[in-house]
Each structure stands twice: as C-alpha cells, then as structure tokens.
Amino acid sequence: MSDTTALVSTGPVEPPRPKVGTLRTLARRPVAVASATVLLLIVLVAILAPVLAPFDPDKTHLRLTNSLPNGTYWLGGDRSGRDILSRLIYSTQATVQAALIATIVAVLLGVITGLVAGYYGRTADVIGSWIANILIAVPGIIVLITLYAAVGSNQRVAMVALGILLAPNFFRLVRAMTMSVRNEYYVDAARVSGLGDTRIIARHVLYAVRGPIIVQAAFAAGVAIALQAGLEFLGLGDAGTPSWGGMLLEAFTNIYIAPVQLVWPGIALALVVSALIVLGNCLRDTLEGSKPRMRRKECASRLDVEIVTAQGDEPVLTLDGLAVEYRTDHGWKRVVHDVSLTVARGEVLGLIGESGSGKSQSAFAVLDLLPAEARIAAGSLRLALRRPCGSQTRAAALGHSVAYIAQEPRSNLDPSFTIGQQLVEGIRATTSRTKGGAKAYALELLEKVGIADPARTFDSYPHQISGGMAQRVLIAGAIAPEPELLIADEPTTALDVTVQAEILELLRDLQEEHGMAVLLVTHNFGVVADLCDRVAVMKSGVIVETGETQQVFDHPKDSTTRALLDAILDVDVVRESDAPTGVSA
Ligand SMILES: Nc1ncnc2c1ncn2[C@@H]1O[C@H](COP(=O)(O)OP(=O)(O)OP(=O)(O)O)[C@@H](O)[C@H]1O
C-alpha cells in the first residue's frame, strides 16, 4: 500500500454474503468431517449405551479386578472389578447431558441479552454489561463447589449454574458485534422498509453474528465437559452414575497398581473437547466464507515481479499479460485476461471500463491487494524506480515509491485514531522524520491538499470530517513520501459532484507539481478527459482499446469506448493534451 500504511481500513462489518450449501462446503474439509463424526458417534453412543455396552456398568467380576485388557473386558477391569469399556460407554450420557445443558443455557441467556443490549443500547446495555462484569469476576469453580455442597450432587443444577456463568462470554461477543452491525446501511434499509426490530434482529443481526456464536458455543461445550469431569474428579459427582471424571478419580487412586486405567477416560475427554473446538472453527470458517487453505502469497505467486533502477525514459510501471482468477464452486473463473499496460514517468493513464470490467482487479494485482480467494494465473510486473527502495522488493516499494488512493475514503481511515495520528504514523513509517517533524509535515500536507483548518482536522477523528475532506486526507497521506507512481482507484466516486471537481483539480495540480506517474481507475470518461494523457479501455477483463485521450475521444474504435463516451454530457471538457508520446499501453 501507500504511505497510508496506517490508514488501513478496519472497515465496517460487512453484511455476510449469502452462502449456498454450508454443509456441502463443510463436507469438503476432512478435519470437519472427522470431528463431526467423532461428536456424532459420542451422541449415538450416549443414546445407545444400554445396547452397545457389553456389561451393566455396575456389575462386578471380582476375579477381573484391576485386570488388563482381556477377552471378557476389552479395556480391562477397574478396582471394583467392573468393565471399563461399559463404564466408558455409559459415561458419555453424563458428558453429553452436561455439555447440552450448560451450552444451551449460556447461548440462550448470553445471545438474547447481548442482542438486546447491543441493538437498543442505553439502559439495557448498562444493566447487561454490569451483570456480565459481575458474573465474569465470580470464580466459577468455587461457585460450583459451593453449589454441590448446598444442593448435593445434582449435575443438572450445576450445569445450569455453569451456563449462567458462561453466558457473559456470549453477551460480550454478541453485544459488540450487534453494535457494529446495528449502524450498517443494510440494517437502516431494513428499518426504513418497515421491518420491525424483532425481524431485523432475527433476520439481519443474528445472521451476521452467527459464526462467532457457533465457535463460542463449541468452546462453551468443551469447557462444560472439562469442568463436569473436573468436578467428578474432585469427588463431587454422583458415585452411582458413571462419568469420565469419576473414572479418572478412581484410576488416579489406583495409579500405582493399574496406571493404564487413566488412559481411557483421558483419551475420551481429549477426543471430545478437541473435536468440539475443531468443528467450531471449521463451521465459523465456512459460515464466514473464509478459505483457510488458500494463502495470499501462495495464490499470488504467479506474478513475476521485478523492481529495477530506472534507466532513461523507461516506464515506471510495465504490466504484461496479467490474468486474475477467482475460485468458484465450479473451478477457477478468469476475470482479467492478458492485460498489458505501461505508465510512463509523469504520465496519467486512465484505466476505464464499465462496472465489473476488471479495472480494480488489475490495480489490486499491482498493489498486491487481491483477496485470498483470488489468484494471479499469469503475468509480470516491472517497476522502474529512480529512488532505490531498500530491498528492491514490491513490499518495500509500496508506500514509498508507489502510493494508493482508495475508492471509499472514510472506510480507509481507522475510526479509533485521529487523522493526525494516522498521518504521522504513515509518514514516520515511510520517511526518516522525527515525531515532531512528521507532525509539522502532516500539517503542511493537509494545507497543501486544501484543508482549510489543518490543525483542527489533524486532531479530528474520521467521523468528524466530511467525505471530501477524508479523500483529501488520504491524498495527503499518499503523496507524503513523494511517490513516483500513484494508483488511484475511483478516487471521486464516493463524493458529490462539486467535491469531485475539487478533488480532480487537486490531483491534477499535485501530479503536475510532483511529476508523478498516475494510474487512474475510473468508469467516467469525464474524469479521463479532465486528467489523463492516455487511456486504456477495459471490457469483460480485456483491454479493448488504448490511445492518447484526445485521439480516443475523437476517433473511438471500440463499441465499449463509444458507449462510455456517450455517457458523458460534454466532450469539450477534454483538456488540451500535453502528454508524452510514444508510450503504448
Ligand atoms: N471476491 C470476488 N470473488 C469473485 N469474483 C470477484 C471478486 N471480486 C471481483 N470479482 C469479479 O471480478 C470482475 C472484475 O471486478 P472489478 O472489481 O475489477 O471490476 P471493476 O471494473 O473495478 O468494477 P467497479 O467499477 O464496479 O469496481 C467482476 O466480474 C467481479 O464479479
């Protein structure tokens, strides 16, 4: 990225993309299938215990006391001569019951109160947060031990209490996520379209927070199982009901005589808790649409990047044969085909095309900003820079010699920090200025990009400034290291017409003053006319026409170019071209 290293989007919570076939996606992940199978088997074993267990769990064969695995007792006998396998099987009932009760209570309590507190705020939030803080401060195990002492060994009551103690985790998670989702535009739109609060919460908010809830529920079930076993191990359980914790306790007292007895309940516990955590993570990944097996570096590895010291009039940017693909349910889909272009030193190249034509994907490929689900199938990138950028890698060049201005100015500013903090951090990361020097430079830049009161803007948070000012701030951040190439992705799209004209004028002035090369992504020929020396027209991932702006305006060859030209009202806006010649896209 640019010197806006610090100006990275933390972005609002995105509305979740609708997913088809969650179970099918899950079924493609071997670890998910394995852990789901383990959990399903455990539940089946709990239900079918009387059928599956070879012996009554309390039946004793004295001659098999502390016996090793044998033909009668496949896992051996315990210190009372009972079958360990049968007791292990019956113990799953207590385990499943404990996990279900604690998790259901925690989810119901925590999610409902978290949704109410996060959505309505105010009193509900204050009371909910207050109770949650108290419950979190309470030492759970002590409460449970006290409870056992007070009401006797009643696992159901203990697990309800544990559920209440675990509920604040859900409360906090759901409250925080609901607060982010509550102000999203799609929630506003649902409200305006007449949906009631209950439907909005159930349909939109709950849908957005379901992934983390599922993961948290898996953790809660794991904690419940571990705690239930712990309490049984402490001898607080019902001695008449087989449980893994109780078996561990017996095996522990017998450790010098038959240490192997510790192994079976230990394995069972480890297996169930691990399966819960793994399945929870897989479910979250699937529901949130992440594809963990595809790492960005792995996917982007086919772009051949070369950073060299510029010789003569060599173009700053040379992109050759770029192909970008996205993974779909039916294989890889190519969205950018064999795109080649150059941007000469000091030149402004407009990359124009209708929506979805592949402009942003081409720019993102240069900036190494493609998402994890994309891959570069072919292509080479050459950056010829006058100023050396340390290690001569693309990562080193980004932010120093190559800067970026994004489409959505506000979502590229971190709402938690002031404009000044973000600018200073970016400047210090890309230049050798001291903190004081960086502050003075930031104020100078803010003035340069036309901000009327730089000192006030410097101390403002992003939500306190307008969209136009936010874009000026991003431009200030981008030009701070005096880049040789500026990539601007629809820098005026999110702004109103008057502000658009001001920002374009600012970009033109800065480009002329600094002699930067600019790759300007846009869908508006008016913008191209205003700023660009040359233009490359894209359609369906392919460059269909390139040429000097004036020439393309006067004699458009491709029907896409003509259609885009027809979309602007006044072709007289084409500026007199003083562009360098002889550089082809
Ligand atoms: N994450 C993604 N997954 C799948 N396909 C994608 C993804 N992002 C973009 N695409 C596809 O890539 C193609 C090119 O998208 P790109 O963002 O480059 O369009 P664009 O020309 O910049 O349009 P716009 O001006 O609307 O941003 C589109 O067909 C789009 O559907």
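Sequential numbering from 1, following the chain as shown.
Cβ atoms here come from the backbone N, Cα and C positions, even for glycine.
What TrEMBL lists as transmembrane segment is 31-53, 96-118, 130-151, 157-174, 213-236, 256-283. Residues or ranges marked as domain 'ABC transmembrane type-1' by TrEMBL: 92-280. Feature annotation from TrEMBL assigns domain 'ABC transporter' to 317-565.
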Next item on the list: Please average pLDDT over the domain 'ABC transporter' (317-565) for the predicted structure.
Entry: 88
Next item on the list: Six or more residues out from either end of the transmembrane segment (256-283), which same-chain residues have a Cβ under 8 Å from its Cβ atoms?
Entry: 26, 29, 31-32, 34-36, 38-39, 42, 66, 68, 75-76, 78-79, 84-85, 88, 91-92, 95, 99, 211, 214-219, 221-222, 225-226, 229, 244-245, 247-248, 250
Next item on the list: Could you tell me what the rest of the chain brings near the transmembrane segment (31-53), counting residues at least six beyond its ends with Cβ under 8 Å?
Entry: 83, 85-86, 89-90, 92-93, 95-97, 271-272, 274-276, 278-279, 282-283, 286
